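This report concerns only the one structure given below.
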Amino acid sequence: MEQQHRPDSEAPLLAASKPDGAASSSPPRNRFPFFCAVLASMTSVLMGYNVAVMSGAQIFMAEDLGVSDTQIELLSGAINIYSLVGALLAGWTSDRLGRRLTIVLTNGFFLVGPLIMTLAGGYTALMAGRFISGIGVGYALVIAPIYAAEIAPASSRGLLSSLPEVSAAEFPLRRMMLQSCLIIVFLSFVKIFINTGVMLSYVSNFAFSALPAHLAWRLMFAAGVVPTVFLAAGVLTMPESPRWLAMKGRLDEAKAVLDRTSDTLAEAEQRLREIEEVVDAGSNGAGGSNGGGGTWNEVATKAGVRRVLATVLALQFFQQASGIDSVVLYGPRVLAMAGVTSNTLLLGLNVLFGVAKAGSILIAMALADRVGRRPLLLVSTGGMTASLLVLGSVFAAFAGAKDDAAVAAVAVAAVVAFVCTFSVGFGPMAWVYSSEILPLRLRGQGAGLGTAMNRVMSGIVTMTFISLYGAITMAGAFYLYAAVAAASFVFIYTCLPETRGRNLEDMEQLFRTK
């Protein structure tokens, strides 16, 4: 209690003067904001589920409703294009309704969209449900990281123990750096949640595969409806973002939330002062439309800024153009053409792919700060290239093989290797690297452009895969993806410096002088 009555100006100095062995005198860590951030990020599980459930459902939809391969392509990939609508609306909505109600709205999209698909009797209704789900995907991409970053207290930055202690005079800069780092941490958690949703969709595909076709695919979509109700109810128990409350002039409510989500009352006061400073700066024009125009003027006039933005766009382009979502959404179709004939076995192997993909991201998180971003990206793209070449060669050498266990085993091993090497590096590190190199004044716009590039390329790849292998054979499709993966390896090797351990605010200078 004594610490809470000290003058606020003393607190940073006292913290900086503590000996290393004084950690036991620190206030207990408040776990409530972490719980809130995780609950908000659970919308990413629904996002992953709704995107990937088509992987197995398409088998039974074609049998029940007679949808064509072209329609399957459009249904599978269009959700990524539709997500751009949600991403564009999410910022506007969250500024008006608040972060918490926007998360509830996101869950509403994930309830209505799959429900329409569950009850659909034809292609038009299926596409309408996919459109609504796609809007939810766009909202989920934007709102969870915003809420997580705004609810987290300064003490949560203790997760990032590699940053050194600094003096009281440096504290504001350190806080900006730590907030950026925290966004990166939550991006990694969001990737885990998305891939957990993908894995659960594969489990759903497998669990309902033994039912009649007209029930199987409908229950696969319906299984994603029920969790949205409970998640929305849970979100309503969370506090609103203190920054949003301050933006609306509700400072007493913002202070109450900060008291609940900070370790000490002194920290809550400090956070409120910083939020008020940011809000006041925004209302005076810094960060408004003029600020945005100034930012884009920098893109036009500064070579370093242009290089950073080009790097972000290139990373997101290569990540999706190398074909990962073709395997995520068409894995059973790929293995069926490699000689696996049982639907149950196909969907069971799909679960294996989902487990491998989700598990590999945990490895990436463990290694990112130990070995660095660049080595992980190089190993990842190199492994992706090799596994895609093997997969393409299997189809080139054994096209049309049926019930050949050896051929099927090699194809399965190649697919597992592809998803593992992607997820241990290129999958999460493209997002982490992009977040690190973007300067603070460009981070919002740059991240938005990178996300748009990622979703557009994912949509293009998934909406053309069946047509692509129909035109150049399955072997040709995977050789093409291997060429893109090899090009991404060359790009990373020649253009991307290591960022591990560097000050986030030095990234622009690093890219200008490299």
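Just so it is clear, glycine is given a Cβ too, placed from its N, Cα and C backbone atoms.
Features as listed in TrEMBL:
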- 1-27: region 'Disordered' (REGION)
- 32-52: transmembrane segment (TRANSMEM)
- 36-500: domain 'Major facilitator superfamily (MFS) profile' (DOMAIN)
- 72-92: transmembrane segment (TRANSMEM)
- 104-125: transmembrane segment (TRANSMEM)
- 131-149: transmembrane segment (TRANSMEM)
- 181-203: transmembrane segment (TRANSMEM)
- 215-238: transmembrane segment (TRANSMEM)
- 251-278: coiled coil (COILED)
- 345-368: transmembrane segment (TRANSMEM)
- 375-399: transmembrane segment (TRANSMEM)
- 405-431: transmembrane segment (TRANSMEM)
- 478-496: transmembrane segment (TRANSMEM)
Across 32-52, 215-238, 375-399, 405-431, 478-496, the most C-beta pairs under 8 Å with the transmembrane segment (131-149) come from 32-52
In the same chain, residues at least 6 away from the ends of the transmembrane segment (32-52) whose Cβ sits under 8 Å of its Cβ atoms read 79-80, 99, 103, 106-107, 110, 113-114, 133, 136-137, 139-141, 143-144, 147-148, 151-153, 156, 186, 189-190, 193-202, 204, 224, 227-228, 231, 234-235, 238-239, 260-261, 328-329, 354
For the transmembrane segment (375-399): best-contacting stretch of 345-368, 405-431, 478-496, by Cβ pairs under 8 Å: 405-431
Looking only at the coiled coil (251-278), what is the mean pLDDT? 84
